[in-house]
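Trainee: Straight out of Swiss-Prot:
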type    : residues                      : note
BINDING : 77-90, 290-302                : NAD(+) binding site
BINDING : Arg97, Arg107, Arg135, Asp226 : substrate binding site
BINDING : Asp226, Asp250, Asp254        : Mg(2+) binding site
SITE    : Tyr142                        : site 'Important for catalysis'
SITE    : Lys193                        : site 'Important for catalysis'
Amino acid sequence: MATHKLLLLPGDGIGPEVMGEVKRLIDWLNSAGIAKFETDTGLVGGSAYDAHKVSISEGDMAKALAADAIIFGAVGGPKWDAVPYEVRPEAGLLRLRKDLGLFANLRPAVCYPALADASSLKREAVEGLDIMIVRELTGGVYFGEPKTITDLGNGQKRAIDTQVYDTYEIERIARVAFDLAKKRKNKVTSMEKRNVMKSGVLWNEVVTQVHKREYPDVTLEHQLADSGGMMLVKWPKQFDVIVTDNLFGDMLSDIAAMLTGSLGMLPSASLGEVDVKSKKRKALYEPVHGSAPDIAGKGLANPIAMISSFGMALRYSFDMGALADKVDAAIAAVLASGLRTADIKSEGTTAASTTQMGEAILKELQKLHA
């Protein structure tokens, strides 16, 4: 049995609590002989700043580069609001993405039947929802140069951000989306603003070319990003895989997140390119929710997004799709039983702590694997 190297980076706030539930699951998989994971732990974000005055140390970056996958908790909090910008907690995550070459962000939005009434939309609009947003992560307006604020005099300033995309960046993110669609419902919707942005014109052109040349059997639709946002809240189940740029992906994935009822439910994956020789890719998996410092240490955090993120690691880094399916099924079974953490609690359901939810999911997984 192959040994897989995992680096656990719990981070700040509720990060260590929810990571503890993933570690419980990993330990059981190892002891049951189902998989063989070798885990190491490091500091990132505010915890790294407190220890080393950086957002991630060189030692932990080296661990990250050597790992088969990174499981990441959350970073940030008011405690570090005044630290220098270049070592702010979020800079640790940005460096991980940059140094590992993580260009594709996968954000599934799945609505479990037991939580359909927790969504802001009607049950019929979201029940059975299962969409995947593929966001380009390393290009676009967040990284384009120049990025400046200039003093024009007379009390006036000018801010400049630059939206930049090269053909290869669009091609590789398009391939990720099409490859995912082939394993799902075989449909990709590409979203941009070609009506007002030159980068949108190129995006549309390149995605169309990749589709025609390499994936003619996959259905491709194009939609303006603002219209796409409207349709996400009107009838989200029309979508399967949505592929879009960094800025629009940031916005659209957060819109999709709230369709499911709680940010505490949603995982994500950030993937690099497949290495030609090893056939492996660098990858980081993290929950969509933040560090929630207001509830840290109280046992109130929902560990489902963190556990689901580990499930994505099983699927995309270790080719353990069947085991990932069982993790998803275990979560669905626990929710169907009426167990709820505070963020998804409703009348007639049973309140659970972080640990109780994690233990319940592990018990269901053990049943499914018996």
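FYI, residue positions are counted from 1 along the chain as it appears here.
In case you wondered, yes, glycine gets a Cβ from its N, Cα and C as well.
Since the structure is predicted, the reported quantities are computational estimates derived from the model, not experimental observations.
Looking at the shown structure, what environment does each listed feature sit in?
Mentor: Summarising the environment of Gly77 (NAD(+) binding site), the number of other Cβ atoms within 10 Å of its Cβ, over all protein chains shown, is 20.
According to DSSP, Arg107 (substrate binding site) sits within a strand segment.
Cβ neighbours of Asp226 (substrate binding site) (same chain, under 8 Å, six or more residues apart in sequence): Lys193.
The Cβ neighbour count for Tyr142 (site 'Important for catalysis'), using a 10 Å radius over every protein chain in view, is 15. Following the DSSP three-state reduction, the secondary structure of Tyr142 (site 'Important for catalysis') is helix.
In three-state terms derived from DSSP, Lys193 (site 'Important for catalysis') belongs to neither a helical nor a strand segment and is classed as coil.
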Trainee: Please list residues from the chain of Arg97 (substrate binding site) whose Cβ is under 8 angstroms from its Cβ, counting only those at least six apart in sequence.
Mentor: Leu137, Thr138, Ser270, Leu284
Trainee: Of the residues named as substrate binders, Arg97, Arg107, Arg135, Asp226, how far apart in Å are the Cα atoms of the most distant pair?
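Mentor: So the maximum pairwise Cα distance among the substrate binders is 27 Å.
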Trainee: Under 8 Å Cβ-Cβ from Leu300 (NAD(+) binding site), six or more apart in the same chain: what's there?
Mentor: Thr341, Ala342, Asp343, Ser353, Thr354
Trainee: Excluding near sequence neighbours, so keeping only residues 6 or more apart in the same chain, what lies with its CB under 8 A of Ala292 (NAD(+) binding site)?
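Mentor: Correct list: Gly13, Ile14, Ala74, Ala301.
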Trainee: Note down the number of other Cβ atoms within 10 Å of the Cβ of Asp254 (Mg(2+) binding site), including every protein chain shown.
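Mentor: Around Asp254 (Mg(2+) binding site), other Cβ atoms within 10 Å: 14.
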